[in-house]
Amino acid sequence: PQEPPAEPRLRDTPEDICFEAAANAIALHPARALLAAGDVDGDVYLYCYSCVQGDNRQLWSSGHHLKSCRDVAFSRDGQRLLTVSKDKAIHVLTVEDGRLETRIAKAHSSALNCVLPVDQHLLATGDDSGELKVWDLRKGDAILEARQHEEYISAMAVDGNGKILLTASGDGTMGVFNIKRRRFELLSEPQNGDLTSVVLLKRGKKVACGSSEGTIYLFNWDGFGATSDRFALRAESVDCMVPVTESIVCTGSLDGVIRAVNILPNRVLGCVGQHTGEPIEQLAVAPGGQLLASCAHDQKVKFWDISTLGSMVVDEYRKKKKRGGPLKALSSKAAGSGEDFFADLREEQEATPEAATGSDSD
């Protein structure tokens, strides 16, 4: 008698996706198990990912950018993919088949660095020289152009009403722009280091910015001029940051470690995963908040199980803890700190995390 076909093996997380060139940017589709990635050669890829062994597959690739693709984002309805490049162009591709639907060739006078959908028709772009533009795709034109920053724009966020746009810049300031009134509102006072990321937390009442110095700066909504709080992670840097819950963010750092951090009370909860010794470029959260994807200089996109973060209770009171204790591993694939060269070899065993990176200091 014939052997019954082997059951497909289920994993906690999808397998790594490997690229021929390093991916700078990734995005996860708002509703489906789709991952978009843009690489240093200017190529853009769409994959479907799955927790079934061997089930990840590439759906299409697009080579329209002439230089490195710096950022990718799905439109709010998930039907289009927005990409920007060092070649100064904005591309709008159909998610279904990767067809180039709209191309704005010389969108900025400097290399583009980031893109953010604001609503169905509007998108924002930031460039290397600090210029912000908001575009209306129906007109194919910019409805807001502002050069308030003196350095590159690293990241952007928008409030739930699509009214206030926030920018993080290499000049250490956060910019505030009113899209509805099409005008610049204010810059925050400069912080230490480049601001690398900006996210909304606490149901839009708080804004957190990551910095290249390894500090997270907090602002109250409407109190954008000066920080309300700061939290120094014991990490070389905060290079990228995504919100996972109303209080928890995941941060990526130069040391290759992805940390889960609770905001107010400020605590490093532990290590979600790592690209050992490889700086992390970008993080993305899947719909439902169960999975995190990361890309780094190792030419891989990795997936991490973050399903336990939502139920973590963070005590207001600090337990007395020895400073510089190990960073707690928050998933089976998280192997202590990225400084440990053998971390990957022990992934399968529940490794005891090594190396000092976690701390309670703020």
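Heads up, the Cβ atoms here are built off N, Cα and C, so glycines get one too.
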Worksheet entry | Candidate ranges 55-76, 341-362 [criterion: TrEMBL lists as region 'Disordered'] | 341-362
Worksheet, complete the sentence: Its residues classified by DSSP, the repeat 'WD' (105-145) shows 0 helix, 23 strand, 18 coil
